[in-house]
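Participant: So that we are looking at the same thing, I have put the structure below in structure tokens.
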Amino acid sequence: MGSQANPNQDDYKLKDTKPELGERWPHGGVRGGGGWISSERITSTYDLVEQMYYVYVRVVKARDLPPNQVTGSSDPYVEVKLGNYKGKTQHFEKRTNPEWKQVFAFSKDKIHASFLEVFVRDREMVARDDYLGRVVFNMNEVPTRVPPDSPLAPQWYRLEDRRGEHKLRGEIMLAVWMGTQADEAFPDAWHSDAATARGEGVFSARSKVYVSPKLWYLRVNVIEAHDVESADKSQLPQVFVKAQVGNQILKTNMCPTKTTNPFWNEDLIFVAAEPFEEKLVLTVENKTPSRDETVGRIQLPLNVFEKRLDHRPIHSRWFNLEKFGFGALEGDKRMEHKFSTRIHLRACLEGAYHVLDESSMYISDQRPTERQLWKQPIGILEVGILSAQGLLPMKTVDGKGATDAYCVAKYGQKWVRTRTIVNSSGPKWNEQYTWEVYDPCTVITLGAFDNCHLGGNDSGPGKDSRIGKVRIRLSTLETDRIYAHSYPLLVLQPSGVKKMGELQLAFRFTCLSLANMMYLYWHPLLPKMHYLHPFTVNQLDFLRFQAMNIVASRLARAEPPLRKEVVEYMLDIDSHMWSMRRSKANFFRIVSLFSGAISISKWLGEVCHWKNPITSVLVHVLFFILICFPELILPTIFLYMFLIGIWNFWFRPRHPPHMDIKLSWAEAVHPDELDEEFDTFPTSKAQDVTRMRYDRLRSVAGRIQTVIGDMATQGERFQALLSWRDPRATSLFIVFCLVAAVVLYVIPFRIVILGAGLFVLRHPRLRSKQPSVPSNFFRRLPARADSML
């Protein structure tokens, strides 16, 4: 349901929740005599989530299994059954002593069976799988393990027949225990929550922690080249250098003169990721009327370059280029050693910059690349991803709507992914993660997605669908306080804004050093190299886009992969694209900023026009006091701001910020503007639609152009006061300045201010409805608009 059809705006707001956070002994007992752990207990590793209990079964190996009487061998596998849930290990071909080393986890809340059965079977290709034996456990006798206890030791169990009356040949090594999600076996276990996952989809359903690749800026200063030869010996070459690292291609400018020793001295900046798999490929190309011919080429591995940790220059080096192309007519002489074209480079890997791989508005990390330049952490962020409520169906499976939800959280270089809960509109993850915080002015991003790679859902789309996103700025949080809220998951779709459900989170920002945190507020946001040798805006946009692509491609190669569409959504890769909706939202943000100044000017106008005589008289009294005691002006201003701050303390926001559809201008957006926002780049729309949108963009840009022109005009009029652009106006102004200087020298400054203030505050009967003299004079000043074509 779109926002236009939903009148209940509370659905889009943040809600308080009261989950039972903390640890408790299983079977109803209390821990430490206090039941649920209080929020002051920081030592607990899982005090921000509700405890969930699982029956863990570790299948290690088997021995002495009987062979098949027909084939003489055995293809064994293990099936673990608890209630209606079954988990299977992989099968091994022709092995009587297999090793599986696999863990199964069954959620205790969903299972009410009294017995746990472990079957060993022999896989048959045609007939039914043979029964080799089983082991049965009574659930009331399963021991409980609570970390940090050591893992439970597995034991050998003899296999029984179906009725449990006789022991059969073969043994299996197992460990069975009751534990929580704090157990070390939890992340890699097969989960009953994802029992329908098949094949590789089993790995895709597990929870994982990922680390972004270590990114470097590669600076290549192309200085000059010597002995450049052209294929046409009668013509001097006019060359440029093309540099490539992976998919990134940059070119120097064309050397302005035709010469065999061209000079450029240009910086080319690339993004590179450890481990360095790509090489720097430099090609010197000659510009000819017909085509660009390659003069020479060289490939350099990135680990040959020096790593620079400050602004000091590094040594330059000469490199010989490989001959290319036009030596083919010389036959075997190509192989002879000849005097080669040389290129002069100064290249380094920049370790003192922070490589931006996310939108600078929602940055989660500002540390430089080189680890030895990092400062000590100032805090710890703990996040409990509890559950989701009311998730909408994201795909159709067997004719029914289904959602297989998982969450991803990104802060700094660490990404986390919860396990996938299959086919549930109210999944409960209850997983807790921790990050070190180096700067409070950073943002953690959490996203919910629908898993379309579980192996059994072939009807689903090829990409994991977005359910929604939450951003939390750490500087808006009070330290050492647990926040537990339900966040609306809002997604903008071509049909409008849509609420996909709610995500319940609990988080706490713990301060390690308040002094260091306060100290950071006086320092630059980014490392100092960003200010000593800054990049241009175009360079930053290009580099950020390349860094996003590198991070997305590297994380997509993990197992299980963190898919490209997920990483791009978390990093806001399309935030730079044009959007009429976003432009309107930003315009009204600016308008709201000036609303305070506008309201003050309106209030002053009412005072000057004596709308409320009592207020005007009080302003006159305050004005006389400040004129008599001018030394009180600045203290009064600062005291006033202090009192406003103290007053606003009682009305401070109690909740962290969340996605706001009104601020985003998403509730009243025009359908065609949404269609334009979701259009591909380049556009895939018909020609008439593109023409209509282009005309609309021209009209919007025309209004912006007019506003910018007006602002420039006002500035140029100020310049025209003394530039003699208008000789008569400048003459009048400098005469006025001379008279004003004499008057201010003779008359005390207090009297001048008093007279000016009384003139401004004069009664409406003494006012003229015509514009003031200074305004008339200023509007008559010339601007440079007359010289515009």
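One-based numbering along the chain as shown.
Including glycine, each Cβ sits where the backbone N, Cα and C put it.
The following feature annotations were taken from TrEMBL:
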- 10-25: compositional bias 'Basic and acidic residues' (COMPBIAS)
- 36-157: domain 'C2' (DOMAIN)
- 197-319: domain 'C2' (DOMAIN)
- 357-487: domain 'C2' (DOMAIN)
- 1-25: region 'Disordered' (REGION)
- 505-522: transmembrane segment (TRANSMEM)
- 587-605: transmembrane segment (TRANSMEM)
- 617-650: transmembrane segment (TRANSMEM)
- 732-761: transmembrane segment (TRANSMEM)
Participant: Looking only at the domain 'C2' (197-319), how are its residues distributed among DSSP helix, strand and coil?
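Facilitator: Each residue of the domain 'C2' (197-319) counted once, the result is 7 helix, 63 strand, 53 coil.
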Participant: In the same chain, who gets a Cβ under 8 Å from the transmembrane segment (505-522) while lying at least 6 residues past its ends?
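Facilitator: Non-local partners: 19, 21, 39, 42, 48-49, 375-386, 437, 439-441, 446, 470, 472, 474, 477-487.
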Participant: In the same chain, which residue numbers or ranges, 6 or more beyond the ends of the transmembrane segment (732-761), come under 8 angstroms Cβ to Cβ?
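Facilitator: Here the qualifying positions are 607-608, 616, 619-620, 623-624, 627-628, 630, 721-722, 777.
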